[in-house]
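A.B. asks: As annotated in TrEMBL:
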DOMAIN    D:3-288  domain 'Dihydroorotate dehydrogenase catalytic'
BINDING   D:Ser19, D:Lys44, D:Ser45, D:Asn125, D:Lys165, D:Ile191, D:Gly218, D:Gly244, D:Gly245, D:Gly266, D:Thr267  FMN binding site
BINDING   D:Lys44, D:Asn68, D:Ala69, D:Val70, D:Gly71, D:Leu72, D:Asn125, D:Asn192, D:Thr193  substrate binding site
ACT_SITE  D:Cys128  active site, nucleophile
Amino acid sequence: MSDLMRTYPIKKIVEHGPGVKSFYFERMLDARAGQFVNVWLPGMDEKPYSVSALGENWLEISVKAYGPFSTAMMDLKVGDRLGVRGPFGKSFTYHDRALLIGGGIGIAPLRLLAHELSAKKLSFVSLLGAATKHELIFIEDFQKWSKNCYITTDDGSQGKQGLVTEDLLSIIEKEKIEFIYAAGPEIMFVKVKELIDPLDIPYEFCMERYMKCGIGICGQCVLDDSGVRVCVEGPVFNQDELKEVTELGMVHRDASGRRVKKF
Amino acid sequence: MSDLMRTYPIKKIVEHGPGVKSFYFERMLDARAGQFVNVWLPGMDEKPYSVSALGENWLEISVKAYGPFSTAMMDLKVGDRLGVRGPFGKSFTYHDRALLIGGGIGIAPLRLLAHELSAKKLSFVSLLGAATKHELIFIEDFQKWSKNCYITTDDGSQGKQGLVTEDLLSIIEKEKIEFIYAAGPEIMFVKVKELIDPLDIPYEFCMERYMKCGIGICGQCVLDDSGVRVCVEGPVFNQDELKEVTELGMVHRDASGRRVKKF
Amino acid sequence: MNSVRFLNLELKNPTVLASGILGLTASSMWRVVEVGGAGAVTTKSFNKDWRSGHKNPSILPFRHGLLNAVGLSNPGIDEMVKEIGKFKQRASAPIFASIFGRTIDEFAEVTQRTVEAEPDLLEVNVSCPNVHSEFGQPFGDSLSDTAKVTEIVKKHAGSIPVSIKLGPHGPGIARLAKVCEENGADAITAINTVGPGMLIDIDVRKPILSNKTGGVSGPAILPIAVKSVYEVYRQVKIPIIGTGGVTQPEDAVQLILAGASLIGIGTAVYYQGIKVFEKIARGIEAYLQKYGFTSLDEIRGLAHE
Amino acid sequence: MNSVRFLNLELKNPTVLASGILGLTASSMWRVVEVGGAGAVTTKSFNKDWRSGHKNPSILPFRHGLLNAVGLSNPGIDEMVKEIGKFKQRASAPIFASIFGRTIDEFAEVTQRTVEAEPDLLEVNVSCPNVHSEFGQPFGDSLSDTAKVTEIVKKHAGSIPVSIKLGPHGPGIARLAKVCEENGADAITAINTVGPGMLIDIDVRKPILSNKTGGVSGPAILPIAVKSVYEVYRQVKIPIIGTGGVTQPEDAVQLILAGASLIGIGTAVYYQGIKVFEKIARGIEAYLQKYGFTSLDEIRGLAHE
Ligand SMILES: Cc1cc2nc3c(=O)[nH]c(=O)nc-3n(C[C@H](O)[C@H](O)[C@H](O)COP(=O)(O)OP(=O)(O)OC[C@H]3O[C@@H](n4cnc5c(N)ncnc54)[C@H](O)[C@@H]3O)c2cc1C
Ligand SMILES: Cc1cc2nc3c(=O)[nH]c(=O)nc-3n(C[C@H](O)[C@H](O)[C@H](O)COP(=O)(O)OP(=O)(O)OC[C@H]3O[C@@H](n4cnc5c(N)ncnc54)[C@H](O)[C@@H]3O)c2cc1C
Ligand SMILES: Cc1cc2nc3c(=O)[nH]c(=O)nc-3n(C[C@H](O)[C@H](O)[C@H](O)COP(=O)(O)O)c2cc1C
Ligand SMILES: Cc1cc2nc3c(=O)[nH]c(=O)nc-3n(C[C@H](O)[C@H](O)[C@H](O)COP(=O)(O)O)c2cc1C
Ligand code: FES
Ligand code: FES
């Protein structure tokens, strides 16, 4: 009954850079890359976070300070207890000759995926982007496990200055990519999608939507028009599933369920 | 969850004699001799009955018309549905060179015990008594399975006229009995106990008390002074357990919990 | 043979998506019909303006059901009316609009505007237990408030039938149902969540739900739903949408024998997945066949005999 | 370290056998203490004359708890007073006498006569949901009736402390508790069973309990018990015997964090056997040790902070 609420003390905190931290919990979690846990900060709120690393008896999530909740998480100390429920949702499937495209904190679920792929001896290339150097997390891991690791930052503080989409097509060609995984801001994925749809390369994308229940009943995370739930049928969707998603990059819903345009 | 209520159609009815019938149900029951089921006659009441026979996919109870409930059962037809919950309680343990003493409808649980003992190739002798011939149920089975089968009736209509206790000591001696099982009216057992206690032969007796829950919570079937519950720690008790029972043959309790003297 | 008539409506089977479950958008409810097999759907309860509801955790599984205090979050009537319209274009099953208001006037206004979207039924939620601190006691805790709400909604509902959704608490569900009937309600939905309850995390020593308390739904409440439907059936002639704790066909049959005409299903989506509607509809059909009944009408209320 | 003071009493641990469970005879309650490890016991509720209660089935397991409508069967005050006397001779744990009456006068009379047996506490059952047809609404459904019963029992109880046992329904348990406190109650027992509920056998198509409806107890009601204790604790200063759905030490800790001083345990005897008292007492102790607390007092009500 891993959906039941239980709190666990934080056993370790890693600061990747200003406002980006990973939290380690000692808890057995039967999860795979792409799946997420709901994290309860008592007295505050509960939100979904991707599992970024996993061992036999521990798990890790990686958080970027953004709004009030994630900012509050930056103040946590080792020993503080958080609720960790899950895993929820569907995971990535495994493919060889893959490209992992990560943007910002979206790198988190790809970190676990990269680990799983390398454990399965599947080859992959990474293409990681962020606003700035400090937000590029787990780069050493990606560099270790990937055949090649391309890096971009908006401000040029690490890797090439620019967006992950800029060299995307040439990388696909050069690396003979046969499958694409992407996780990051939805706007990034919309651009990626535009570029790769004509190539007919299959892909999987890890989506985010506002969530209340994580267990498929509140309807808060449902996508137009297919009516699938990001928390159950997602957060990982493939190109076929996404064909029926008309809201991609257009709207999402807030806590009330209202459509919001901005991403 | 065999404690949950479910109803089953009666598949067969055997009339042993006036006011004594057996009812067969098709239901898997993981029970052993001495255990009982709670039988619900919808719209009427629910009472405990010993399992008198058992197959892989069926069970049987045997009922003697006594008060309103058991009398109403005599009007049931094949196809009528009864609730059958259980099994409840503890069963007899197995011993060689045993004597089975049954009085009246108390023969019912001993019928299943006899079957189990013979299946285990344990030898036993039966001593069965009833008011009259018609109440002597399953005699052929006992005769088939027992080394010897002694029969008494109060009116002499079958077997020897008299009580089962009359020849008890001589039978024990003659048959070299090493263990005694008894089931029947409590008054019979009190007399049996008086006779066998000096012999130091171990025994087990199947008790009856008014029951509400059958699952050990209402307290209705609890015995003085040990405080054990007939529905959970019983209905089968051995000589040690009975040492602490001061109410044996003296009082039992009615539906309100009041002590009643008459047996 | 599982298709049922309910008031003036025809449903392909008697299962209805309960309010608050997957009822936020047309797409979501469409999928509950197409993939899940529901006979009808109910929207999330909505009122005039949008509400964010309570913070998370707002929906909490425990061993025997769920505790929820979503806090009536909803995008407000403007968006919900659009979603109802979209659903009607896209799906063939009836849609029930669940409405609420903080005042009698708001009930009137929300009814007027919802009617424009032509839902197949208006379900009036007077029994949400999770907004006490904000709204005070639910209207459904008072016979006279319930009467007033029923009257005003009926007044503005025009030809659209109205079902009042009651909880098991307050002055007694049978008396409440009677008052609804007397004031023109066309149906009763019974029941809303039970309790409310609370769960405390013993390690951080705080109530888990952000609202502290939340209504209990799911398997734990089935007996209370059965009893509520049984009592309402004895008291009123209007049909009942029996809701509460149904996860198996046998549970639905219990509610029908107690007197329900339709079966609301919510929390079971968590336990059984979205196809639970189809599973339960099939199971009810199998039950009817086993005993040689040819329609639900023949077994409705039989437990009263 | 698990021993607790409650009012003027000393218990070896905070677990109490709840009323209606194994509380009919001195022998039975003695065994619950000696073998089961309970810190105190409560008798089955009794009144003046004996009552057979409802016919069977009167206690019915379902997947998430029990449904019961025993109907307040009891052997009457004469026998119960004797049993209390016997228990006091034989056992060292405190015994709580649970009493009820059909009228205010009967409450007075039963109190007077029970006091002679010198139980350690009088628990006043104003909240049994299973005798409606006979008694009408429980006293505990009305603030004024609850006040009257509390007052009259206190008047005749002498130095014996009085706890009023409340249900989760009616006008709100916190308000009821307040009224009890104002009228002199020394403690509150919360909660009695929930609902009531009903279960129907779908094959014979009849309610299973002979009384048709019965109160829900066991795991299904834990959240409602936690919430009730939490609310009562906020409202009154007198201590609370928290009862309802406790089957694990963690459940008991939740009730204590919500504000309970003692933990009533009933249905868990079915799930866990008679030694459940000892198991839960040990588990509570382990919890205290884990977090370095030295007594229950240190954690009581902590969920309010
Ligand atoms: C499946 C999934 C996996 C995620 N994985 C990560 C991760 O690994 N690392 C990480 O830092 N963040 C992750 N997020 C986002 C995270 O849940 C928070 O939304 C984020 O931390 C910002 O929250 P905030 O309250 O600080 O900011 P806010 O200012 O409150 O919110 C910022 C934005 O986050 C979204 N958001 C807010 N609350 C929720 C909610 N309850 N559920 C979903 N989205 C919400 C809203 O779209 C909002 O516009 C994930 C989200 C989802 C759905
Ligand atoms: C463990 C156990 C096994 C039993 N096995 C059999 C059996 O195999 N065959 C059989 O015919 N009878 C058996 N009985 C007795 C049976 O349960 C009924 O008591 C009996 O059928 C008479 O019931 P009545 O209502 O017809 O008569 P009543 O006149 O109502 O009762 C006759 C006597 O039966 C006892 N009794 C009544 N109701 C109950 C009850 N709910 N629980 C226990 N005792 C009650 C009372 O002591 C009463 O004095 C068993 C009882 C127990 C406790
Ligand atoms: C998460 C959740 C949200 C709910 N929201 C609403 C609501 O907005 N309006 C309403 O009338 N009932 C609401 N309910 C109550 C359900 O419609 C239903 O009456 C109740 O849950 C019992 O049915 P179930 O056990 O099948 O879930 C909600 C229930 C849950 C679990
Ligand atoms: C079979 C049964 C009989 C009960 N009888 C009584 C009673 O006589 N008096 C009373 O105050 N409560 C009675 N109760 C209620 C319990 O004391 C307790 O308040 C309730 O069952 C919740 O606790 P639990 O979940 O631990 O059982 C009874 C409960 C059960 C299950
Ligand atoms: S978050 Fe509730 S359905 Fe997905
Ligand atoms: S019959 Fe209830 S305890 Fe035995």
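Using N, Cα and C of the backbone, Cβ positions are placed for all residues, glycine too.
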A.B. asks: Between D:Lys165 (FMN binding site) and D:Asn125 (substrate binding site), what C-alpha distance do you get in Å?
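C.D. replies: Answer for this pair: 5 Å between alpha carbons.
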A.B. asks: Within 10 Å of the Cβ of D:Gly245 (FMN binding site), how many other Cβ atoms are there?
C.D. replies: 30
A.B. asks: Which one, from the recorded positions D:Ala69, D:Cys128, has the smallest tally of other C-beta atoms lying within 10 Å of its C-beta?
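C.D. replies: D:Cys128, out of the recorded positions D:Ala69, D:Cys128, has the fewest neighbouring Cβ atoms within 10 Å.
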A.B. asks: How big is the Cα-to-Cα gap, in Å, between D:Asn125 (substrate binding site) and D:Thr267 (FMN binding site)?
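C.D. replies: Rounded to the nearest whole number, the Cα-Cα distance is 17 Å.
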A.B. asks: Restricting to the domain 'Dihydroorotate dehydrogenase catalytic' (D:3-288), report the mean pLDDT as a whole number.
C.D. replies: 94
A.B. asks: Expressed to the nearest Å, what is the distance separating D:Ala69 (substrate binding site) and D:Ser45 (FMN binding site) at their Cα atoms?
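C.D. replies: Computed Cα spacing between D:Ala69 (substrate binding site) and D:Ser45 (FMN binding site) is 13 Å.
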A.B. asks: Given recorded positions D:Ser45, D:Ala69, D:Gly71, D:Cys128, D:Lys165, which are under 8 Å from chain B when comparing Cβ atoms?
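C.D. replies: Correct list: none.
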A.B. asks: Which one is it: of the binding-site residues D:Ser45, D:Asn125, D:Thr267, which Cβ has the fewest other Cβ atoms within 10 Å in this structure?
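C.D. replies: The binding-site residues D:Ser45, D:Asn125, D:Thr267 were compared, and D:Ser45 has the fewest Cβ atoms within 10 Å.
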A.B. asks: For substrate, with binders D:Lys44, D:Asn68, D:Ala69, D:Val70, D:Gly71, D:Leu72, D:Asn125, D:Asn192, D:Thr193, what's the maximum Cα separation in whole Å?
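C.D. replies: Comparing all Cα pairs, the maximum is 16 Å.
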A.B. asks: If you measure from the C-alpha of the residue listed as 'active site, nucleophile', which of the binding-site residues D:Gly71, D:Thr193, D:Gly245 fall inside 10 Å?
C.D. replies: D:Gly71, D:Thr193
A.B. asks: Counting across all protein chains shown, how many other Cβ atoms sit within 10 Å of the Cβ of D:Gly218 (FMN binding site)?
C.D. replies: 26
A.B. asks: If you count Cβ atoms within 10 Å of each one, which of the binding-site residues D:Ser19, D:Thr193 comes out on top?
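C.D. replies: In terms of Cβ crowding, the pick is D:Thr193.
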A.B. asks: Can you tell me which of these binding-site residues sit near ligand 4, meaning the Cβ is under 6 Å from at least one of its atoms: D:Ala69, D:Gly71, D:Gly245?
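C.D. replies: If the test is a Cβ under 6 Å from any atom of ligand 4, the answer is D:Gly245.
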A.B. asks: Across the listed FMN-binding residues, D:Ser19, D:Lys44, D:Ser45, D:Asn125, D:Lys165, D:Ile191, D:Gly218, D:Gly244, D:Gly245, D:Gly266, D:Thr267, what is the farthest Cα to Cα distance, given in whole Å?
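C.D. replies: Binding-site diameter by Cα atoms for FMN: 19 Å.
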A.B. asks: Through the lens of DSSP with three states only, how would you label D:Ser45 (FMN binding site)?
C.D. replies: coil
A.B. asks: In whole Å, how far is D:Thr193 (substrate binding site) from D:Thr267 (FMN binding site) when you measure between their Cα atoms?
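C.D. replies: If we compare the Cα positions of D:Thr267 (FMN binding site) and D:Thr193 (substrate binding site), the gap is 10 Å.
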A.B. asks: Which of these binding-site residues is closest to D:Gly71 (substrate binding site) if you go by CA atoms: D:Ser19, D:Gly218, D:Gly245?
C.D. replies: D:Ser19
A.B. asks: Among the binding-site residues D:Ser19, D:Gly218, D:Gly245, which ones place their C-alpha within 10 angstroms of the C-alpha of D:Lys44 (substrate binding site)?
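C.D. replies: Checking each Cα against D:Lys44 (substrate binding site), the hits are D:Ser19.
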